[in-house]
Structures are given as C-alpha cells and as structure tokens.
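For reference, the structure is listed below as structure tokens.
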Amino acid sequence: MLAFVVLAACKGEPAPPVQAQPKTQPEPTEQAVTNTDATDPATDPANDPAKSMLAAGPDPHSYSRPENVRVAHVGLNWVVDFDAQTLTGDAVLLVERLDPRAPLILDSRDLDIKGVYGMKVDATPGPLGAPELGLDAIRNDEGWVEASWEVGLYDPSFGAPIAIDIPEGANAVKLRYATRPGATGLQWLEAQQTAGKQASYLYSQSQAIHARSWMPCQDSPGVRSTWDAVVVVPRRYTAVMAAEQLGELEGELEGELEAEAGDGTTRAFRFVMPQKVPAYLVALAVGDLERREVGPRTAVWADPTVVAAAANEFADMEAMLTEAEQLYGDYAWGRYDVLVLPPAFPFGGMENPRLTFLTPTLLAGDRSLVSVIAHELAHSWSGNLVTNKTWGDLWLNEGFTVYFERRIIEQIYGPERAAIEAVIGKRELVEELSDPDQMGDKPEFQRLAQDLRGVDPDQAFSGVPYEKGALLLVALEHAYGRPVFDAFLRKWFTTHAFGSVSTPDFIDFVGIELVGKHPVLDGQRTPQLAAWIDGAGLPDGAPEPSAEPLDLVQDEAKKFGAGELEAKAISAKNWTPWHWLHFLRSLPTTVGAAQMGELDQAFELTKSSNAEILGEWLEMAARHRYEPAYPRMESFLIEVGRRKFLTPIYRALTQTPEGWKQANAIYAKARPGYHAISRTTLDSLLRTP
C-alpha cells in the first residue's frame, strides 16, 4: 500500500485500493490558492493529514520525498488547446531511486491524470546535454507498462500528492494527463487582452508553488532537474520556453499527437534545458510573438506591436550582462532573452532562466524602469544558479538579488542612481513594517528566516526578503569592505552553483569565509546575524542609505504641503520616477484633493505614461478622494494586473464606505482579467468589512 494511504485511514476514511482511486482530483474552488492559518485548529497540521504529510518532509510546501526518489530529468509534450484552455500530453520522469522500496511521490493540483506507466528508457544525454524524453514519448509509445498509483488527500493551497509504485526494472515514469482551465500556474488571455489584439495568449507563472497545477512534479525549490519539451500549438502561434529554443520539429509526429500536429494546422516547437533547475523555473508562453536581437547574447520577444519599443527600452541588457559577469563570475545560461507579456502579468518580472518574463509596465519610453531588468538578470546567479532550499529562506534569493541589482545599476548608471533606489527601497520597507494592514501586525513575517509551515508562500509575500535581506548584505560589505565582500559573494556562487541553500548554510559560510578569515574594518563591527535573521523589524544600526538629491525633493514636498511653494515652482524638470515617488510619499497627510489638483494641473500626473508614477498617484487619489483621477484609476485597474500596483490602490479605496463600494464595483469588472495570484490577494483584501 502506498505511503499516504495510512494518513487517510487516520482520519477515519477507508484506504481505497490502489487502482480504485479516482483518476482525477477534486474540482477546484474559488479559494484554490488561499492562505492557510496554521494557528487555526481547523487547519493546524496536527489536525490535517494532508498538512501532516507536508510538515513531515524536507520542504513544508511539497509532498515529494526526494531523499527517497528524486526526479533527475523531465520530458514534456503538450498540445495547447485555446478553446478548451488546457494542455494535454505526457510528463516523462527519469528517476533516481535512492530507496528502492519507496514510491515516487509528486506534487499536483487540479490535474486530470489519465494513466501512469513505467519503463526502462535510454537516459543518454543528447547533443545539448540532456535526454529528449518528451520527444521520445511522442515517437514511441511502446514498452510502457501500467504502474500502480493513487492520488492522496487534497488541500486547496497545496494540492494533492500522487504516489507511484515504480515497476521493477524501470528508471522512468510517464504520466498522461491534462490541465484544467483553472490551473493557477497558467493564464489564458483573450485576444483583446493583448497589445496587438489579434490572437489569444497563454503564459505560465509557477513561483512559488504553481508548477504543480500544470505538470506533475517535485514542486520544491530544493529539487533540480534537467528537462526537455515539445509544444504543439495552432499554426498562427509561436511557443517559447525558458530553455534552449530548438525551433520547429521537422517531419511527421508519430503516436498520439500525430493527428493534432501532422494535419497542417499546427506547429510543434522543441526545447531543452541542459542545466538543472527547480520546477518553478520551468516556463511557457504561446502567442503572436516576434523576436528582436539586442546584443550577441540578448534578445527581446514581444507582441509585434510593441517589440520595437521593448528592444529600445531594454537596449542596455548586453551591457548589464557584461557588468554582472565582471562582478560575480561567468553567466552560466548561454543566452539572456526577455519576453514582454500582456498587462495581466502579476509581477514586474520573473527570472525564468534564458527567458525572463516581464510586465509591459516597464515600457516607460525613457529606460527609467530598467532596474527590474537588472534585478531579473541578477537572479541568474542568486536564485537560479544558487536557490533557496525552501520558501521560508526566500531572502537568500531575493536579498542577494536586490544587492546585486543595485551593484549593476551603480556600474551602468552611476552611484547616485543606485543610492536613490536604495533610499526608496528602505523607505518602502520601513513603511511596510509599520503598517498594520501589511506586515505591521505580523512579526513572524518580519524575519528573514521564516517558518511557513501551513502557509501558502504567496500569502507571506512582502518586501522583507528583498530589502531587509539586501540591507544585511550591505551591513556585511560595510564591515569587511567591498573587495573582501565581493570575493565572498563570488565564492558563494561558485561553491553552491546549481545547488540549493538554507539560512544555516549562509551562517556557516559567513563564519568560515568572512569572520574566520578577515578582520572587520576600523570603526565597523560584524553584524549580529541572529538579530537580522530571527528578529522582527530592522536591528539597531541597520545601514541608512542616503542620496542628497532626494533630500532636496523631500524639502520641496514639505514646503508644498505647507503652502509655502506653488506647484508650478517645484523643480521637477529633470526628475526621474524615483524623485517623483519620493516627492509624493513625502507629502504630509494633510495634503488633500485641492492640492492634488494643483499638482495635476502643473504636471499632468493623471496622464502619466510611467507606471510607477501613475500607480503612486492613483493610490493618493484613492486615499484623498481626488475624483478627477477616478476614470484613469478605473481604466488602470482594469488594464493592469501587476499586484504591486493593484493592492495599494484597492487598499486605499477601502478606507471609506463609499470607497468600498467603488473598489468592489471596479473589481467585479477587472477580476476576470487578473492572474490567480493577484485574484487571491485581492479576494482577501476586498471581503465585506
């Protein structure tokens, strides 16, 4: 009997026979990615067999047991059906059996499993360094024998485990399956939701635990595999993935996909990822796409109507890549391309290896928002090359990346701009830590090392891993000096390359490579790691970034707020978006709709084409009931899906009864176009007060 059947029996339910288990999982509900409060008796892991199984493993968000059976390679093939909004095909998993008696346990959520099979396959790497099992499974369906399997108890946030008894002598398992239209890791968009409005669109977003909703996998950042894929799409579409793009498949496809891919109405694209990556970094997009070269190793993919603008906006990518290599070593992924997605994308960027996904809100026209590019590029080292072992250690990805990002910005655009962005970042963190509507009443989420057992990682998302993590690295740089600290980071990346790390690993590495080898600089002291890692808020003596230009901006904000400076006299001619953010955030709370009108008349902020400025301005408009901005606010909330902008504007609206009504009226129109990640956050925020 498979491992987790005992858990079902503990709950008073009979353990079903292996083959009698339903081949599908429960229908998803509206709360498919809701927060789980581990302090609630109803969801306490001790009272929930599914969560007990999660808590017992090495990763509290994954049912998989890689210490027993580890997936070494994944071969994928899919037919993309825009009408049904599904992927249908196979996942072929090459396994390493560390415990020959143990089953293979995979993560899944809302997948329709049609069959599970085992076989001994040829695992010889292909010319690009990895097997092509996804292609082999299409061309040859013979030799696979049915395997015993079952689906365990379902949890709305974490899905359900699939346990598979691997047939004797087999080194691979094949799952034939289909996704469901509500898969949280996929977003299907109608043509009118795209820039060109000519074709539908599909893209994936798997971080943190959404890969399991579109492929059965060991969905833990601590498990890395190579992979390959064949993607069959309607002929008018182009498929891209975060991998080596091998182009279209030549010749006839045999087997199950022959009818779909061999009748002249479809195209089949091939991909391979020869480096091992976690499941959350597997990424797919399908749409009307065009490619423009930016440099020898860099290119932009986008809708044909915006690809030229995107290539111009991101023209510095090659220079950024060169500077990043000079800082922390060779780039390990071959190419660094980016894909500009439709506005529904919930994040600024996603660091998928070889193909970063980006929001179109970065297309400001003046390259003023390219810090996101620097951030996602930096992830090629911190996050993709060296990955946090679990999501409770996210700061090892994001804190390192923010630090690295600002070093790139400093090299390309100068120390002043890097300092300005550091000041803005710390201010955002301090405000978030003090705001009871955000992290102010959640000290457990103010730590760097977080206990997220029973908690959906998406619901613990904050600026803490990013800015607090970066400030710790700045404190270490100040203590030991930049040359020593740069050598430390280079060794961190080379020592742990293509591996996963935990906070204790970092503490040990600091002890050996910094404290054990180098004295602190005169007048400095070693940061107390315990206070940074385990303490809430910021410890005493945290670095205080400064930028003189922002001091002048803040002074003008105070004078304008006090009525001592007219709007037209504000010296904003050469301001960047960061100057504007600092100005708007430095205005006193007494500034109301009348003074906002003065600013709007002088600078046309409601018409701003810069998403950072506009997002901040619309939040102010919601907070101060500045009605002339309401039409633009509504259109912005309907058109843009980036959670960074949506949450503060909706939150500001909810501060008054009339605002609640307005927020919910807009949300009713906008919600169908939002990604599941944004919907989950906003569903919680917009509950009836």
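Any Cβ shown, glycine's included, is placed from N, Cα and C.
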Worksheet item: Say TrEMBL lists His375, His379 as binding Zn(2+): which of Glu398, Glu410 is in the same site, per that record?
Response: Glu398
Response to the item:
Other than His375, His379, Glu398, the chain contributes near Zn(2+) (Cβ within 8 Å of their centroid) the residues Glu351, Glu376, Ala378, Ser382, Gly383, Asn397, Phe400, Thr401, Val402, Phe404, Glu405, Tyr466
Fill in: Gln205, Gln207, Phe347, Gly349, Glu351, Arg643 filtered to the binding-site residues whose C-alpha is within 10 Å of His375 (Zn(2+) binding site)
Gly349, Glu351
Item to complete: Starting from the Cα of Tyr466 (active site, proton donor), work out which of the recorded positions (Gln205, Phe347, Gly349, Glu351, Glu376, Glu398) are within 10 Å.
Response: Glu398
Worksheet item: Could you tell me the C-alpha distance between His379 (Zn(2+) binding site) and Gln207 (peptide binding site) in angstrom, no decimals?
Response: 14
Worksheet entry | Secondary structure of Glu398 (Zn(2+) binding site) (DSSP, helix/strand/coil) | helix
Worksheet item: Given that the record lists Gln205, Ser206, Gln207, Pro346, Phe347, Gly348, Gly349, Met350, Glu351, Arg642, Arg643, Lys644 as binding peptide, what is the largest C-alpha to C-alpha distance among them, in Å?
Response: 18
